[in-house]
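**Student:** Encoded as structure tokens, here's the structure I'll be asking about.
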Amino acid sequence: MSYHVLVVEDDAVTRSKLVGYFQNEGYSVSEAESGEQMREMLQSNAIDLVMLDINLPGEDGLMLTRELRSQSDIGIILVTGRTDSIDKIVGLEMGADDYVTKPFELRELLVRVKNLLWRIAAARNVNNNVEAEKSNENVVRFGEWTFDVQRRALSRNGEPVKLTKAEYELLVALSSYPNQVLSRERILNMISHRVDAPNDRTIDVLIRRMRAKMEFDPKNPQIFVTVHGEGYMFAGD
């Protein structure tokens with residue numbers, strides 16, 4: 001993967017040196033000499049990391065750091081000629097990830113960039129895994145069927161099966177309590193705010209419709225099981 005870094009530096013010599021060095025190391029590199037140009041680059045490019053000089057004309061790097069961090073988790077390395085540790089502390093407090101002082105070794109800066117990009121990639125992978133787990137929690141699989149609750153999509157072996165609004169709400173209610181008997185009254189309470197003119201008869205009609213759509217033999221249901229005198233049970237496994 002080729003990372004894209006943005007060099008924000010008003011000194012043309014330093015900026016050119018950084019751009020050339022990181023391009024030679026295989027990075028995609030954009031450049032800017034002011035906060036205004038930085039914003040333009042960020043709007044038109046997918047930037048992974050910003051190397052930001054503190055001593056910019058007009059808006060200084062510290063203020064730009066705070067702006068960047070309030071908007072994204074982009075990597076930020078401050079580059080400055082100041083040796084005052086207070087600037088370093090302030091910069092880190094405003095959201096910078098790292099800090100180098102001029103004059104610096106290009107190889108040292110490269111290592112810092114690599115380490116920061118690795119941390120960013122690792123954090124994004126963790127977040128993606130968490131989102132995937134959350135997404136999987138909203139998918140119910142039973143037999144040949146897959147029910148994606150969030151997408152309101154039901155399919156059998158990959159073939160989509162259309163559901164009405166009421167059928168969808170019934171399937172959500174029953175599949176939320178697998179292998180548990182739910183009374184008609186309880187099911188009614190779970191879907192009544194979403195189904196027009198509900199009553200006990202509504203549940204029986206919906207169950208028949210779902211059996212017709214999903215059961216191999218609707219007269220001998222294996223998914224929507226009747227428990228006589230008690231209600232219905234979702235037996236998908």
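For all residues, glycine too, the Cβ spot is worked out from N, Cα and C.
TrEMBL lists these features:
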DNA_BIND  137-236  DNA-binding region
DOMAIN    4-117  domain 'Response regulatory'
DOMAIN    137-236  domain 'OmpR/PhoB-type'
MOD_RES   ASP53  4-aspartylphosphate
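Show me how these features fit into the structure around them.
**Tutor:** In the predicted model, the DNA-binding region (137-236) shows an average pLDDT of 86.
Residues within less than 8 Å, Cβ to Cβ, of ASP53 (4-aspartylphosphate) and separated from it by at least 6 positions along the same chain comprise VAL8, GLU9, ASP10, ASP11, THR14, GLY61, LEU78, VAL79, THR80.
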